[in-house]
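Feature list (source: Swiss-Prot):
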type     : residues : note
COMPBIAS : 18-50    : compositional bias 'Basic and acidic residues'
DOMAIN   : 170-322  : domain 'C-CAP/cofactor C-like'
MOD_RES  : Met1     : N-acetylmethionine
MOD_RES  : Ser80    : phosphoserine
MOD_RES  : Ser167   : phosphoserine
REGION   : 1-56     : region 'Disordered'
REGION   : 139-170  : region 'Disordered'
Amino acid sequence: METGGLSAAALANGDLGSQRERTLVPERLQKREHERQLEVERRKQKRQDQEVEEEKSDFFAAAFARERSAVEELLESGESVERLEEAAARLQGLQKLINDSVLFLAAYDLRQAQEVLARLQAALAKRRQELQPKKRFAFKTRKKDAASATQVASAPDAPAAEGSLTSPPPLKEEGDFDSSWICGFSNLQSQVLEKRAEELHQQDVLLTQLRNCTIKLYGNPNTLRLTKAQGCTLLCGPVSTSVFLEDCSDCVLAVACQQLRVHTTKDTRIFLQVTSRAIMEDCTGIQFAPYTWSYPGIDKDFEGSGLDKNKNNWNDVDDFNWLARDVASPNWNVLPEEERRIQWD
């Protein structure tokens, strides 16, 4: 009887086990099918995203080429102020197109576009100078010699031979603007130097061979270069295109721009607003923080510069001397928050 009872119990348990397995099989199949559907959807979404990115890149390439061609044609035949102003307006549009495309453009394509834009900006500045050099520098409130309109202004109370720059040093990359570098300071030490909006508007500014100086640029330059500076503080309003920094040490900068390029520079802090990215090469001890300088009228200068004040990639830095993507570059770091509290004025 017991044997029969055990056999019956075993059979009953076996039936229950089989029933449980039959119940679990559909659950496993359903789970597997659900995972398969999720994977299909993920791949589909990935394909769609890729197609959207390709469409955006194609649109950018076509729009950029069209506007570039139009600007080049205007500059080649720019025998009137009106045509040059049209070229300037189109360049502002090109700049906005680049700014709006930063997130989906490949790094190489972005650099190429920025270099083309910088060259066109330089060509525009040169054509403006050729067409109306006197009118460009005839400021009503200035009390300088007429001769000073063709050279870089010297600092207050500094001899003209010391503070003015008549032949800028050779530039090593796309910033080679030659005679358009006609605004700035040079060969000065331990001075406070300033330029206002009417002097800076869409100018190419060159600051070179300065030591222990504080430079304040209240306005909207086209480009800005600081070279061979030591122990200087540079505060600048929004720069429409690029800021170049080279051969500098122990400096502090507050700059807003479309692109920042830093070469052969060390032990420098940069408070940055940049709509694309910062690029550095042959540098050490560089620290980055968000741009915090302000002055009356800066919002208007941002508007005129074409920069998006709400877009800031201050910590998106390409170090050309550091190719390892999974390890942070030892040549730069983010400035700690407790060290960012600076009273600029």
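Residue numbering: from 1, along the chain as shown.
Glycine is treated like the rest: Cβ placed from N, Cα and C.
Looking only at the domain 'C-CAP/cofactor C-like' (170-322), the predicted model's pLDDT averages out at 89.
The DSSP secondary structure for Ser80 (phosphoserine) is coil.
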